[in-house]
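Residues or ranges marked as domain 'F-box' in Swiss-Prot: 277-332. Among the features that Swiss-Prot reports, asymmetric dimethylarginine is placed at Arg28. Swiss-Prot lists 376-397 with the feature repeat 'LRR 1'. Residues annotated as repeat 'LRR 2' in Swiss-Prot: 402-421. Annotated repeat 'LRR 3' per Swiss-Prot: 427-448, in sequence order. Annotation comment: Swiss-Prot describes 452-474 as repeat 'LRR 4'. Annotation source Swiss-Prot lists repeat 'LRR 5' at 480-501. For 504-524, the entry in Swiss-Prot reads repeat 'LRR 6'. Here Swiss-Prot flags 532-558 as repeat 'LRR 7'. Look at Swiss-Prot and you will find 559-583 tagged as repeat 'LRR 8'. Under the heading repeat 'LRR 9', Swiss-Prot lists 584-609.
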Amino acid sequence: MSPVFPMLTVLTMFYYMCLRRRARTATRGEIMNSHRTVESNSRTSPLNAEVVQYAKEVVDFSSHYGSENSMSYTMWNLAGVPNVFPSSGDFTQTAVFRTYGTWWDQCPSAPVPFKRTPANFQSQDYVELAFEQQVYPTAVHVLETYHPGAVIRILACSANPYSPGPPAEVRWETLWSEKPTKVNASQARQFKPCIKQINFPTNLIRLEINSSLLDYYTELDAVVLHGMKDKPMLSLKTSLIDMNDLDEDDYEEKDDCEIDNLNKKFSSTALREGPSNGYFDKLPYELIQLILNHLTLPDLCRLAQTCKLLNQHCCDPLQYIHLNLQPYWAKLNDTSLEFLQARCTLVQWLNLSWTGNRGFISVAGFSRFLKVCGSELVRLELSCSHFLNETCLEIISEMCPNLQDLNLSSCDKLPPQAFSHIAKLCGLKRLVLYRTKVEQTALLSILNFCSDLQHLSLGSCVMIEDYDVTASMIGAKCKKLRTLDLWRCKNITESGIAELASGCPLLEELDLGWCPTLQSSTGCFARLARQLPNLQKLFLTANRSVCDTDIEELASNCTRLRQLDILGTRMVSPASLRKLLESCKDLSLLDVSFCSQIDNRAVLELSASFPKVFIKKSFTQ
């Protein structure tokens, strides 16, 4: 055979994998909606009546707007029958996630995105709901009461959260997914996507959210699961599937690219013998590495099977310096980490967010991985990784001496004593403890030893007893601090704010939303404005006492301001806002929702005068 043919074969396969996504035009939602074999072709006997049920319990979630000790705007509102629907508007009885739009991605605290994230993974938040009865799902309805369109993926799990013993197997299956789309709907809606039929019963449903295209916070009221107790029989009618319908998402599911199959591919040594590598060995090693940098993890796994030369390149640790495993949370397990271990000896950025839950990753498996791969780690993302315990944090503190960035957001099952180990990571520059059970003693120790901190998130940390003491320590020790999240801290006063403002002059971002003990009459907000001239983002959400004096101080001293949230104040007038907008030329987001002096007419006038500023004013119908 001519030597040209092996080269053509490998090049064709490589070209196909690299450029395939550009050749697809259909969305995944269109594909699933075009597979009509399931949509209307199941039949049931009278004995197999459809079960319709609301969620019994909220099992897990990644974030919410509300407090840990309240029901207002929390994910727990998704349990049970609707509270608001069919009304629309901003209601406290709904479930609301912490962010919307791209505003948080534009802040100084926003982390750099991971490269090589698959284009089909765009989920930002999730919530998992348990239902009373296991059924074979026929429909999932989501009641959206404000700014709909955030749900982009619905999954079902084989595990029964109410089963007394651990499940023999845990499987997640995607029922429906779609790319983020802009929904122009001003009224509440019942979102009823056409779902795929699965071959196991479920009472655990997961919604994944992307709010990047929303104009304001999405609000969800309830979720309804329709299904059959017995497995429905498909009719003989089948559908013909156009090959053009197979987009990348579908291709990855049908072509054995799930992470469990990738494990086998990575460990395979049964590669073809001989020099048939398509003459890739004629290219410089560095050039091949540069080309492979554009491939996702599944693509690397596929390419590794073509020949020994490309297998060597695909297994080179240089390909895994930045490793994002979050998109594969549904399949990633101890075996996955074991197979990746030899390739991750140089890993510097590692994202394990959302992974390992329900026994997928063990403490032993995580520890083995870090003992081999932790020495070069600079950044470690572990948001919502509920397998973590104190041993895991101890291992991190011992095996990751170069760690600068640690995210434990919503790891709410970590015991309070576990956080003391973080104090050993003296080089930390970013620490996210949002919705964790960190206590004051451990936090003060962390602040004492981690004096290089630049970004600190303590939002919704309800176990911290005295935020004034915490703020004083931050001001004394963290002189390099640039961003601080104190969202819903329960007891900080003007004393803590004074220590903070005088000790952290470099602050560019400060979130004091829903901090009820701060009063403008003490001068705390005016002091912030005078002492923090570099502020770009300031959230004073739901502080009723913010007044014109505070706004005028911001206008005079914080001309770099980009985002300001003063939702809920009664004391701010349109005149002071106009001064602010005239002084702060970079201002792009201004939330004046429920500000009693700022009516719709004032918003329209200010928007007309300052068209580059997004002025938000929420409403309740």
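Every residue gets a Cβ built from N, Cα and C, even glycine.
Computed from a predicted structure; not experimentally measured.
The repeat 'LRR 3' (427-448) shares the most Cβ pairs under 8 Å with 402-421, out of the stretches 376-397, 402-421, 480-501, 559-583, 584-609. When DSSP labels each residue, the repeat 'LRR 9' (584-609) comes out as 10 helix, 3 strand, 13 coil, counted as helix, strand and coil in that order. Here the repeat 'LRR 7' (532-558) has Cβ contacts under 8 Å with residues 107-108, 483, 487, 501, 504-516, 518-521, 525-526, 564-573, 575-577, 579-580, 582-584, 586, 591 of the same chain, all six or more residues outside its ends. Within its own chain, the repeat 'LRR 4' (452-474) is flanked in space by residues 67-69, 108-109, 409, 416, 426-440, 443-444, 480-493, 495-497, 499-500, 503-504, 511, which lie at least six positions past its ends and keep a Cβ under 8 Å from the stretch.
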